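All remarks here apply to the structure that follows.
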Amino acid sequence: MFDTASLKYDANGLIPAIAQDHQSGEVLMMAWMNAEAVRQTLDSGRVTYWSRSRQGFWVKGESSGHVQKLVELRVDCDRDCLLLLVDQTGPACHTNRRSCFYTAIREGQEVVIMAPQNPSA
C-alpha cells in the first residue's frame, strides 16, 4: 500500500498538486494537498485538496458539480510534487474556465487566452 509519509511536504505539511486532463493532457489547475487529502483522494477516487484560505479539506466539485475523478496519481522524482491525471467534469477554474491557466504573457503583454465557459462567471 502506498505510504503518504514517503512524500516530501513543505513546512506547513503541504505538497503541490497539478491536475491534468487524462485524455487531452491539458493542465487544468494547481492546488495543495496534505497527507490526509492524498489518502482521501486515493480512497474515494474524488480529488480532495487542502484549502489554505479556509484551512480545511476541499473536495473538488462538491459545491459546483465540477468534479475531478482521479484516473492516476503520479509522484515526481524528488517526491515533492504530485501530478493528478483526472477526468474533469465542467470547468476546473472557479472563474468557469476550463483551466486556471487562462492568461499568457505574449510580446511583453498579459493576454486572456481562454473565455469562461459560462459568461456570467
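The chain as shown is numbered from 1 upward.
For all residues, glycine too, the Cβ spot is worked out from N, Cα and C.
Marked as Mg(2+) binding site by Swiss-Prot on the basis of sequence analysis: D76, D78, D80. Residues annotated as Zn(2+) binding site in Swiss-Prot: C77, C93, C100.
Rounded to a whole value, the Cα-Cα separation of D76 (Mg(2+) binding site) and C100 (Zn(2+) binding site) is 21 Å. Secondary structure at D76 (Mg(2+) binding site), as computed by DSSP, is coil.
Sequence-distant neighbours of D80 (Mg(2+) binding site) (same chain, 6+ residues apart, CB-CB distance under 8 A): L7, K8, Y9, I15, P16. It is C93 that, of the binding-site residues C77, C93, has its Cβ surrounded by the most other Cβ atoms within 10 Å. Shown in sequence order, K8, V75, C77, R79, C81 are the same-chain residues outside D76, D78, D80 whose Cβ sits within 8 Å of the Cβ centre of the Mg(2+) site.
Around C100 (Zn(2+) binding site), a 10 Å sphere centred on its CB holds 18 further CB atoms from the protein chains shown.
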